[in-house]
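See structure below.
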Amino acid sequence: MKSPIHTVWSWVRRQPPKVKAFLAVVTGMAALVLLRFIVHDHDNLFVAAEAVHSIGICVLIYKLMKEKTCAGLSLKSQELTAIFLAVRLYCSFVMEYDIHTVLDLATLGTTLWVIFMIRFKLRASYMEDKDNFALYYVLVPCVVLAVLIHPSTSHNILNRISWALCVYLEAVSVLPQLRVMQNTKIVEPFTAHYVFALGVARFLSCAHWVLQVVDTRGRLLVALGYGLWPSMVLISEIVQTFILADFCYYYVKSVFGGQLVLRLPSGVV
């Protein structure tokens, strides 16, 4: 006898793409409502997002140490992650020092270790030909956006631009990893777990901002400054979530199907 979850999942799989998209939006909204009532201090969602990101990095470390291969991993994504974490750490030290600073420091340290392993220790297994996303496609627009649209707080202009830069870079840092998976079409378990962890972290971070705006009835947007910056913060969070939403769908589908290796159909990510 099939379980209710398996029955529902089978029904969802048979629906056309538009219905699936609608169900995904409804599920996301339901999750936001649930989080609003379960988590009283919504700042904990942001801490949870950073913690989940750290867990994802730990999964990569386990993969590198156990399997002695970095096949399927994007060095460029790790480098973008290190850049935005380093910039965010700088902003934390000069603008605000709290628990986020400690979590970012730990995540940056592990990310740099992953970069070292891919570049030097496991270079032979690095799929450089698949990791072909041109970084200037994201670096240049992010720098330009940061210069043009940044917080209007009383901090030094360099610090405000740096803050904006790390927000924009974080939103697109996973794109090279998605390109690698798009090129290979087959994603081994540890890499899939890592990217799924990123998806969960992005959703929690997005939920944090959305719920903060709802709880403060929009006053948070005013506190962030004037102009386009408050909207860009929310847009960046939403973009991060939707970039990974498609992959997370196929990840969950693979898990429920009992598949150890995730196979992505053409056109995904």
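The backbone N, Cα and C atoms fix where each Cβ goes, glycine too.
Among the features that TrEMBL reports, transmembrane segment is placed at 21-39, 45-65, 101-120, 132-149, 190-211, 231-252.
Remote same-chain residues near the transmembrane segment (101-120) are listed as 47, 50-51, 53-54, 57-58, 60-61, 64, 70, 73, 75, 78-79, 81-82, 85-86, 88-89, 92-93, 126 (criterion: CB distance under 8 Å, separation of at least six residues from the stretch ends). Sequence-distant contacts of the transmembrane segment (190-211), counting only residues of its own chain at least 6 positions beyond either end whose CB sits under 8 Å from a CB of the stretch, comprise 28, 31-32, 35-36, 42-43, 45-46, 48-50, 52-53, 55-57, 59-60, 62-63, 67, 72-73, 174, 177-178, 181, 233-234, 237-238, 240-241, 243-245, 247-248, 251, 254, 262.
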